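Novice: Take a look at this one; I'll ask things after.
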Amino acid sequence: MATTSTTGSTLLQPLSNAVQLPIDQVNFVVCQLFALLAAIWFRTYLHSSKTSSCIRHVVATLLGLYLALFCFGWYALHFLVQSGISYCIMMVTGVENMHTYCFVFALGYLTVCQVTRVYIFDYGQYSADFSGRMPSLLEYLSYTCNFMGILAGPLCSYKDYITFIEGRSYHAAQSGESGKEGIQGERTEPSPNAAVVQKLLICGLSLLFHLTICRRLPVEYNIDVHFQATASWPTRVLYLYVSLLAARPKYYFAWTLADAINNAAGFGFRGYDKNGAARWDLISNLRIQQIEMSTSFKMFLDNWNIQTALWLKRVCYERVSTSPTIQTFILSAIWHGVYPGYYLTFLTGTVMTLAARAVRNNFRHYFLQPPQLKLLYDILTWIVTQIAISYTVVPFVLLSVKPSFMFYSSWYYSLHSLGILVLLLLPVKKTPRGKNTHENAQLSRSKKLDEGENSLGQNSFSTTNSVCSQSQEVASRHSSLKH
């Protein structure tokens, strides 16, 4: 099955050969750079003050579908099929039941496509990936297929997107700041240029790191027989951490570029900080510094694939009555695809998350004072967290059952055993779960970020084939529509 269009492959094959990158990755980067230029044009010439919302919807949709066809070929028709059927379901079932029916259909359609992609056509090879107020059909297609997010997201709420298209995002962000409506209303519309340039610099550094260093530190070397037989345990632990560290910059590149594209179009403004500087992180998908300096499993997950984590929190974690963490990880695994490695990672992640929570709840308060003891605690928990995260996500990269079990068996399933032992010996406190709206969750996250805290939902997303994984998020969008 062709996963890139004939035109895209033909035009960009020489460039792919020159930079020694797979054609699908070259297609993705070129299309995202085109989307960045289109976003600047969109904000300049199709600003909400100059043209109608209808025109903005039409242009955003057509450009998005063109990019999808260029990257995925006719396989991109799944976007339209799924969008069309989901919209019909919404129209038939009505407002009260549309969330449930759309969620079931989108997840079922996603699973069928994933099974077809993986087990019938090209296991382990690149392929187009899936996942998954009553709007008009045009608004719905614009939301799911707009050029700013069709290739790599980030996921956003329908309300935020429509507010942006209709030109109400600046007013909404300003009026949301308590006690400052009068002052903020006098400000002119902020420019995203500084935020876009900063994010493009991060993209450049991430891409440079990926092209120069990541290839020299393959994750697969962790299961190399000679390496396992000759390397000392400290060397193996260090290489595990460094190889997974080297695997992350490509996600930093893809998600930060996607965020920059949305910002360049004028989407992503979230008000002003206490110093009066404009914030452009409404739909940001990650915080690199917090990820790399995480001192707990939860802190890592809270800052990785943030928008998808919010979706998982809304549709699963806050709604189920029993074992919310386990059910959320299972849903996340299904959402990602059908490779066995995904399920091994999320099952392991469930144990690691619950065990880390139990340790934190039972011991952390003993190490808060004096500051020197707290520093020692932070250093120790950083080391443990980075090793645990790396250990957990190896199957996500390896994909298959045999190499995943080869890795875990070479570690004697030590962290699995330790996690289960912790859960058996330590009391586990139930975490209170309030049913917050998306806006409240975003505001809470923003406030805690200002205070140096980090506490949100939970999800991990990483896969070697995910450079074009926005089609997964399209299905997720179907399930998260708000009226």
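Using N, Cα and C of the backbone, Cβ positions are placed for all residues, glycine too.
Remember, TrEMBL labels are computer predictions, not curated facts.
In case it helps, TrEMBL gives these features for our protein:
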- 26-46: transmembrane segment (TRANSMEM)
- 58-81: transmembrane segment (TRANSMEM)
- 341-359: transmembrane segment (TRANSMEM)
- 379-399: transmembrane segment (TRANSMEM)
- 411-428: transmembrane segment (TRANSMEM)
- 433-483: region 'Disordered' (REGION)
- 455-483: compositional bias 'Polar residues' (COMPBIAS)
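Can you tell me where each of these features sits in the structure?
Specialist: Away from its own ends, the transmembrane segment (379-399) comes close to residues 124, 219-220, 222-223, 237, 240-241, 243-245, 247, 293-297, 299-300, 339-342, 344-345, 348-349, 352, 356, 407-408, 411, 415, 460, 462-464 of its chain (Cβ-Cβ under 8 Å, at least six residues beyond either end).
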Novice: Could you give the residue numbers and ranges of same-chain residues that sit at least 6 residues beyond the transmembrane segment (341-359) on either side and whose C-beta is under 8 angstroms from one of its C-beta atoms?
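Specialist: Beyond its ends, the transmembrane segment (341-359) has Cβ neighbours at 296-298, 301, 325-326, 329-330, 332-333, 385, 388, 391-401, 404, 408, 415-416, 418-420, 422-423, 426-429, 431, 458, 460, 463.
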Novice: So which residues does the transmembrane segment (411-428) touch in its own chain, when a touch means Cβ under 8 Å and the partner is 6 or more beyond its ends?
Specialist: 348, 351-352, 354-355, 357-359, 361-362, 387-388, 391-392
